[in-house]
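To keep things clear, I will list the structure first and then write my remarks on it.
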Amino acid sequence: MCLTRAWDNPMQFVLACVSYAVGLGNVWRFPYLCQMHGGGGFLIPYLLMLVLLGVPLFYMELAIGQKMHLGSIGAWRAISPYLGGVGLASVVTSMYLCLYYNVINAWSFWYLFHSFQSVLPWAECPVNSNLTGHVEECERATPTQYFFYRETLDISGSIEENGGIHMGQALCLLLAWMIVYLFIVKGVKSTGKVVYFTATFPYLVLIIYLIRGVTLHGAINGVKYMFTPKMEQLANPTTWINAATQIFFSLGLGFGSLIAFASYNQYNNNFEKQAIIVSMVNSSTSIFASIVTFSIYGFKATFNYESCLERVRLLLLNTFDLSEDTISLENVNHWIAELNRTHPEQFANLGGRLETCDLEAELDTAVEGTGLAFIVYSEAIKNMPVSQLWSVLYFIMLLLLGMGSMLGNVIAVITPLSDLKFISRYMRWTRVCLVCLFCLLLGLGFTTRSGNYWFTMFNDYGATFSLLFIVLIEVITVCYIYGIKRFEKDVEDMLGHRLNWYWKIMLAGVSPMLLITLFIFYIVNYIQGGTPTYQAWNKELGKSVVTEYPPYAQAFIGLLLASSVCCIPLTALYTYCKKRNLASGKRERTVSA
């Protein structure tokens, strides 16, 4: 690889890694895992996995990329011709990620464009066609859910109900891919300039949101909920698996992006220091973003809780003909017990109209992924003063986080492909254009009425299994095929000093054992989990219901799980057969001569 295609300075490389690693997962997946696995107690397995897996493997991928100055395919093929499939598997996995990840950016554009209205469209239910009331589906759900599932996705009732392309979403997806193309078309010279903005501006928005969030009524309830540890979750193996998986996705291990980024470094760049800095920044951002998220979440939960209490208060006042100031939000529960004791028959007539208000239950309602980013946040934003401003800031932040990660995803595909002779003869802009166009055309499938279900499938099954396998093969290759001593000598050539005991112990022993354990746990959990399911939107109920995937979708899941992993043995087999045929041809020519 020509070093004229290099970062202008080490800071550009660090910012590119930060922009890639710090993404949407820090804002929505990490807070969800904290909520699901014991609040502050989840930080224990998370930080342990960071030290035992995340930092060593991050270090290893940067070292390989900087040493070989090649993309993932070329780097692993340079170590052994039989290992080109490792890089190919990374490219396939990154391609899957490219297909659906930019759809999130399209949603962010959609919400951003709809934020410039006097009343946010997800703040209240639209009027029905007869102008006699609100749309029933919206009333059964909530305005924010209705806007996401009906206006944004126009979602079908199941994955089996197909429909046409949502033109608004298709245009937003086209815009997202055009921006990605412009960001990377000139290589690191353009990408290096972009990351100054994509890596830093989200922090400014997060700080603004933190200041606003902690001043919201009820924010402290969410923050206290986050940092209240439930230590019994440490005995749950799933907690440890999810902690490791979050480290993998958050740092971008196994996708080939880090190898591609590092391949543009100068040979003597201090990647060791950079690996530690980026890993620490990424994890600190996850914790920081969680404080912001839980302050917003606490506000939303408190708002819903007090709205519930107000409805109960008005119901009691109207039913029992009490004066307005008799019951307050603070003594509603006291009056429920008192009226039930003094007027049992009249109280019994309330029936299902009397709601049960519970702040803890509101906080316990775990919402993952797009639900947290586009429903919970939107619901909280609509109740803020000057909600349009907070909406614009939030969705610009989501866009920058998403775009920063997309740069790494696309570079992970383009860089190794550029190292292949039959592709490298094309101009760079042509290669970038073809990759972006290919992903755009396939990505249009996610903008159909059933597209969100396929999006969920790719998100759940497109990368986790393959990443575990890819990184396991990588670390075994470096330590036991390439050789830890040879790797140590390469590090000494680049950095001027040998590997210290921490890197040796982690890479040669602890990390491989943990990866094997996680790989086995994943397979066992998948087998024991039974038929895969997804959340299908039921417009009659106004909520999502658990539904089993149909047989053809289950077959596609199996294809997703196996397709990238199969690249490794199939490429090794192809290389073996090719070498054998060449050897046979040489022997035949020798005999005939």
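Glycine is no exception: its Cβ is also placed from the backbone N, Cα and C atoms.
Neighbour density for Leu401 (Na(+) binding site): within 10 A of its CB lie 30 other CB atoms from the protein chains shown. Taken from TrEMBL, the feature Na(+) binding site covers Ala21, Val22, Asn26, Ser250, Asn282, Leu401, Ser405.
Sequence-distant contacts of the transmembrane segment (12-30) (same chain, at least 6 residues past either end, Cβ-Cβ under 8 Å): 104, 188, 191-192, 195-196, 198-200, 202, 246, 249-252, 257-258, 261-262, 264-265, 269, 274, 277-278, 281-282, 285-287, 289-290, 293, 368-370, 372-373, 398, 401-402, 404-405, 407-408. Marked as transmembrane segment by TrEMBL: 12-30 (among others).
The transmembrane segment annotation in TrEMBL covers 42-60 (among others).
Among the features that TrEMBL reports, transmembrane segment is placed at 81-103 (among others).
What TrEMBL lists as transmembrane segment is 165-184 (among others).
The transmembrane segment feature in TrEMBL is assigned to 196-220 (among others).
Within its own chain, the transmembrane segment (240-264) is flanked in space by residues 1, 5-7, 13, 16-17, 20-23, 25-26, 29-30, 33, 36-37, 42, 45-46, 48-50, 53-54, 57-58, 61-66, 68-72, 75, 87, 90-91, 93-94, 97, 188, 271, 278-279, 282-283, 286, 405, 408-409, 411-413, 415-416, 463-464, 466-468, 470-471, 474, 514, 518, 521-522, 525, which lie at least six positions past its ends and keep a Cβ under 8 Å from the stretch. Residues or ranges marked as transmembrane segment by TrEMBL: 240-264 (among others).
The transmembrane segment annotation in TrEMBL covers 276-297 (among others). Tertiary proximity for the transmembrane segment (276-297) is limited to same-chain residues at least six positions away from its ends with a CB under 8 Å from its CB atoms, namely 14, 17-18, 21-22, 26-28, 30-31, 34, 43, 46-47, 50, 54-55, 58-59, 203, 206, 209-210, 213-214, 216, 219-220, 222-223, 225-226, 246, 250-251, 363, 372, 376-377, 380.
Under the heading transmembrane segment, TrEMBL lists 392-417 (among others).
Here TrEMBL flags 429-449 (among others) as transmembrane segment.
Per TrEMBL, transmembrane segment is recorded for 461-484 (among others).
The transmembrane segment feature in TrEMBL is assigned to 505-524 (among others).
According to TrEMBL, the feature transmembrane segment maps to 552-577 (among others).
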At least three Cβ pairs under 8 Å linking the transmembrane segment (505-524) and the transmembrane segment (81-103), pairs spaced 6 or more in sequence? no
Beyond a gap of at least 6 residues from its ends, the CB atoms lying under 8 Å from the transmembrane segment (165-184) belong to 102-103, 105-107, 109-110, 113, 152-154, 190-191, 194, 403, 406-407, 410-411, 414, 432-433, 436-437, 439-440, 443-444, 446-449, 451
Which stretch, 42-60, 81-103, 429-449, tops the Cβ pairs under 8 Å count with the transmembrane segment (461-484)? 81-103
Mind giving me a neighbour count for Val22 (Na(+) binding site)? Other Cβ atoms within 10 Å of its Cβ, every protein chain shown. 29
Under 8 Å between C-beta atoms and at least six apart in sequence, can you list the same-chain neighbours of Asn26 (Na(+) binding site), or say none if there are none? Ser250, Asn282, Thr285, Ser286, Ala289, Leu401
